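As recorded in TrEMBL, the features of this protein are as follows:
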ACT_SITE  H108  active site, proton donor
BINDING   G11, S12, N13  N(1)-(5-phospho-beta-D-ribosyl)glycinamide binding site
BINDING   R64, N106  (6R)-10-formyltetrahydrofolate binding site
DOMAIN    1-181  domain 'Formyl transferase N-terminal'
SITE      D144  site 'Raises pKa of active site His'
Amino acid sequence: MKVAIFASGNGSNFEAIAKSIELRQAGLEIELLVCDQKDAHVIQRAEKYHIPIFINQLSDYENRGAYEQAIIEKLKPLKIEYILLAGYMRVVTPVLLGAYPNRIINIHPSLLPKFSGLEAIERAFEAGDPVTGVTIHFIDEGVDTGPIIKQEKVVRLANDTEASLEARIHQTEHQMYRQVILDLLNKTNGVDKK
Ligand code: GRF
């Protein structure tokens, strides 16, 4: 299964997927990293795993449609089947959604629909919620909306700081994203088909 991963920043989710031997053995092929920030740390991570990189900056285009069209032109010859968003800090428009309907997956560090949008971990921490979590979902035209694939809770411990809670949320993200991709691979490989 050929995928492109989209990321804008640190890229710990990207790396959790890229380094997984289990996923590679199950047939995952990461054909491309699409990154909209030329200095993002995720670029170094992609280099480490010899994954091709497409740096594509919105400021080089007249509008978001043209920016996404350039991505589509890049993905088409690679026969990308799924797009995995991993800390991609842009709302996807109907241009890209139309080219990959039900094929774009996102990860978000809260139990959606709670704390959609930016700084979800910080806001959940400040709200004092005893339980927060992670959501993986197909995207639609909204911000952090669309059909949910998997959700997992992360319990806030009595002595948690925002940093320690955040670290556990990221750990959960990495495991969950790998599991969701593995499930998808098994489906595509026909393991789940009766
Ligand atoms: C993650 O918390 C993800 O859920 C959110 O952005 C963050 C990206 O982290 N969409 P990283 O770049 O993968 O380390």
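Every residue, even glycine, has its Cβ placed from backbone N, Cα and C.
TrEMBL: automatically predicted annotations, no manual curation.
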If we check Cα distances from N13 (N(1)-(5-phospho-beta-D-ribosyl)glycinamide binding site), which of the recorded positions R64, N106, D144 wins as closest? N106
Counting distance between Cα atoms, which of the recorded positions G11, S12, D144 is nearest N106 ((6R)-10-formyltetrahydrofolate binding site)? D144
For G11 (N(1)-(5-phospho-beta-D-ribosyl)glycinamide binding site), the one of R64, H108, D144 that lies nearest, given that the recorded positions are compared by Cα: H108
Less than 6 Å between Cβ and the nearest atom of ligand 1 is the rule; apply it to the recorded positions G11, S12, N13, N106, H108, D144. G11, S12, N13, H108
Nearest-integer angstrom distance between the alpha carbons (Cα) of H108 (active site, proton donor) and D144 (site 'Raises pKa of active site His'): 7
Tell me, if you would, which residue among S12, N13, N106 (binding-site residues) has the fewest other CB atoms within 10 Å in the structure shown? S12
